[in-house]
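Inspection log for the structure reproduced underneath, given as structure tokens.
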Amino acid sequence: MNTTHASMTVIGAGSYGTALAITLARNGHQVVLWGHDPKHIQTLQQDRCNQAFLPDVPFPDTLLLETDLARALAASRDVLVVVPSHVFGAVLNQLKPHLRPDARIVWATKGLEAETGRLLADVAREVLGESIPLAVVSGPTFAKELAAGLPTAIALASTDVQFSEDLQQLLHCGKSFRVYSNPDFIGVQLGGAVKNVIAIGAGMSDGIGFGANARTALITRGLAEMTRLGSALGADPSTFMGMAGLGDLVLTCTDNQSRNRRFGIMLGQGLGVQEAQDKIGQVVEGYRNTKEVLALAQRNGVEMPITEQIYQVLYSHKNAREAALTLLGRTKKDEKSGI
């Protein structure tokens, strides 16, 4: 296939990367999709669909598959990175030698840098330099629904006004995909990481059998933790009432399409961490995000008791029910304290 020119190159051929590539192509754009496994890309090309993740969604004719990274990146100045957060920096290093001089980078990855807990924008600047335009898209999106063309809305934030406008034009589809611009580059990044953690907690609560009251309380107090951390990092608190905050949080905490939620349910039912991960069979971003978010909160002096108890379950073998009782037994306080 001719990949000499495209509106967007998508890096990452998992469920979400494929869904975004399909959406862009369905919008009338020529899109190049690249993945790290050439055999997987060749299979996608042969099948013209992603049988592993989105078996019922055929690829539009304008979605092109590419096994050669240099050719994929030469095709477009705009590059959408959709990879797990723990390999984000490594993937950018892999892309760097092949990027066009006019390249612009946007990512749909939700999370923080592994171990350090840094925002992904800080990682991108370190790898690619300060001058390259950067952007992030985040919000309540399950890949299957997006790929099926069901109505979806997300938030978009960028360091560059023109890039933001161009991306909004590329992604927005009046029939099914609404893209809201947001000037809060920090907040839009952070919401997607913290919601993964809280979704594990919501799953634990349901796995234990605590019911709807407990789940809703946990979501609400989880939003408070997200807002406290965001404010400490310089984000606009109102961002967390939007798509990248409350929207993504509610979706991930309440629907079993969420791997983080299903993982938490299994833990609440008594399964071990490794056993639950094995049963999910795909990356559970919230597992690593919990450690990273807690480290970030502690460095900035932010209290996040729900996140701390989830960490205790994941990394210190604490029983999920005991963690819940620890939260319920905390000292009484004002609801708006710290927000």
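Sequential numbering from 1, following the chain as shown.
Glycine residues also receive a Cβ, built from the backbone N, Cα and C atoms like all the rest.
These numbers come from a predicted model, not from an experiment.
Per Swiss-Prot, the features are:
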- Ser15, Tyr16, His36, Lys110, Ala143, Arg259, Val283, Glu285: NADPH binding site (BINDING)
- Lys110, Gly139, Thr141, Lys195, Asp248, Ser258, Arg259, Asn260: sn-glycerol 3-phosphate binding site (BINDING)
- Lys195: active site, proton acceptor (ACT_SITE)
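Everything Swiss-Prot records as a feature, shown here on the structure.
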residue : record                               : Cβ within 10 Å
Ser15   : NADPH binding site                   : 19
His36   : NADPH binding site                   : 15
Lys110  : NADPH binding site                   : 29
Gly139  : sn-glycerol 3-phosphate binding site : 25
Ala143  : NADPH binding site                   : 21
Lys195  : sn-glycerol 3-phosphate binding site : 33
Asp248  : sn-glycerol 3-phosphate binding site : 27
Arg259  : NADPH binding site                   : 22
Val283  : NADPH binding site                   : 17
Glu285  : NADPH binding site                   : 26
Quiz item: Among the binding-site residues Gly139, Thr141, Asp248, Asn260, which ones place their C-alpha within 10 angstroms of the C-alpha of Glu285 (NADPH binding site)?
Solution: Asn260
Quiz item: Looking at the binding-site residues Gly139, Thr141, Lys195, Asp248, Ser258, which ones sit with their CA no more than 10 Å from the CA of Tyr16 (NADPH binding site)?
Solution: Thr141
Quiz item: Counting across all protein chains shown, how many other Cβ atoms sit within 10 Å of the Cβ of Tyr16 (NADPH binding site)?
Solution: 23
Quiz item: Among the binding-site residues Gly139, Thr141, Lys195, Asp248, Ser258, Asn260, which ones place their C-alpha within 10 angstroms of the C-alpha of Val283 (NADPH binding site)?
Solution: Asn260
Quiz prompt | Euclidean distance between Cα atoms of Lys110 (NADPH binding site) and Asp248 (sn-glycerol 3-phosphate binding site), Å | solution = 11
Practice problem: Show which residues of the chain containing Asn260 (sn-glycerol 3-phosphate binding site), separated from it by at least 6 in sequence, have their CB under 8 Å from its CB. | Solution: Asn196, Val197, Ala199, Ile200, Gly203, Thr252, Val284, Glu285, Gly286
Practice problem: Using Cβ-Cβ distances, find the residues under 8 Å from Ser258 (sn-glycerol 3-phosphate binding site) that belong to the same chain and are at least 6 apart in sequence, listing them in sequence order. | Solution: Phe142, Ala199, Gly203, Leu251, Thr252
Quiz prompt | Whole-number Å value for how far His36 (NADPH binding site) lies from Gly139 (sn-glycerol 3-phosphate binding site) (Cα to Cα) | solution = 25
Self-check item: Whole-number Å value of the largest CA-CA distance among Ser15, Tyr16, His36, Lys110, Ala143, Arg259, Val283, Glu285, listed as NADPH-binding
Solution: 22
Quiz prompt | Same chain, 6+ residues apart, C-beta under 8 Å of the C-beta of Thr141 (sn-glycerol 3-phosphate binding site), given in sequence order | solution = Tyr16, Ala19, Thr152, Ile154, Asp248, Leu251
Practice problem: State the three-class DSSP label for Ser258 (sn-glycerol 3-phosphate binding site), counting H, G and I as helix, E and B as strand, and everything else as coil. | Solution: coil
